Amino acid sequence: MTPQGPQAPLEFGGPLGAAALMVLLPATMFHLLLAARSGPARLLGPPPSLPALAELWSPRALLLLLAWLGLQAALYLLPARKMAKGLELKDKSRLLYPINGFQALVVTALLVSVGVSAGLPLGALTDMLLPLAFAATLTAFIFSLLLYVKALVAPASVLAPGGNTGNLIYDIFLGRELNPRICSFDFKYFCELRPGLMAWVLINLALLLREAELRGSPSLAMWLVNGFQLLYVGDALWYEEAVLTTMDITHDGFGFMLAFGDLAWVPFTYSLQAQFLLYHPQSLELPMALLICLINAVGYYIFRRANSQKNTFRKNPSDPSVAGVSHLLPYFYILYFTALLVHREARDEQQCLRKYGRAWHEYCQRVPYRIVPYIY
């Protein structure tokens, strides 16, 4: 197999690193799942016991996963509130993407609510995490191989910068085609935010319900984990259009790296906090919970503002809200006083050295920073 187009520098340690990651990433995920439910819950060190194959493979889990993907694919195809254009491609074209992820989240939430109200034993999902993770991993491997085969007949103009080296393992891992599609259905865009993120909050909810079954009611810590992580997922889907400017969409091909990350790694490792709380209950007092909420609110504000600015700049670097400094005149005051204070401090240093001599040297050893700690 010969590479198509100019070859980008190899990433992730080249073919050998890619092969290692295709083994290590699933192994790490299963280690975390086993550790969370074990007594010691050790991050480092082997789990107390390894699961038998019968504990991993379940046709029911595979059917459940495929049904979930089918549901999300159907919601993807529903009429969207907006069709957004992606960034310009190599051939100067711009693909269209449906912006209906939050709509899919709301419909999914309604369906789950109806199901639970009708007696759906959602808490039982917690007993299927291992076979579901195994099914998701198997699906990611098969999906990656199919995407690679599809890319073999794709024109060079649609290939990703890094996934067309001609090395089978590396190209399957990184992904040959940038935006693999069948008609208007974009596989990478679909997987990026929808099935994995929504499965994450669904697993969290199942763990909350199972904790209520076991202990009478969910713990405050479990409520907070569910609430904070639902906020993150809801934010990602509400601002779904912003994903069109990210590296995943604009640069990386769609191969095992993203397929496994989206379909397996996200739902089964991002839900680790809720898994841990189910098997290892933690008491949390109200004052500490309020402090945690405050810290989360501040962090969310910074997160949202930073991501909004980044997305605005990527779409239009000349946008006035992110253009940066256009005139120095309004900043004269801070520039002047910075220079003045640094110069004043240098003069004070010399005066004190002459006045106090050795005592000043001892003082400077105890107080090594002049104005800003750890900086100057």
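Backbone N, Cα and C define each Cβ position, glycine as well.
Between the stretches 197-215, 254-272, TrEMBL puts its transmembrane segment entry on 254-272. Of the candidate ranges 99-122, 219-242, TrEMBL annotates residues 99-122 with the feature transmembrane segment.
Residues of the same chain lying 6 or more positions beyond the ends of the transmembrane segment (12-36) and with a Cβ under 8 Å from any Cβ of it are 42-43, 47, 50-51, 129-130, 133, 137, 167, 169-170, 173-174, 256-257, 260, 264-265, 268-269, 272, 275-276, 279. Residues 219-221, 224, 228, 231, 235 of the same chain lie 6 or more positions beyond the ends of the transmembrane segment (284-303) yet place their CB under 8 Å from a CB of it. Taking Cβ pairs closer than 8 Å, the transmembrane segment (254-272) reaches residues 12, 21-22, 25-26, 29, 32-33, 36, 69, 129, 132-133, 136-137, 139-141, 143-144, 147-148, 160, 163, 171-180, 187-188, 191-192, 195-197, 199-200, 202-204, 207, 229, 248 in its own chain, all 6 or more past its ends.
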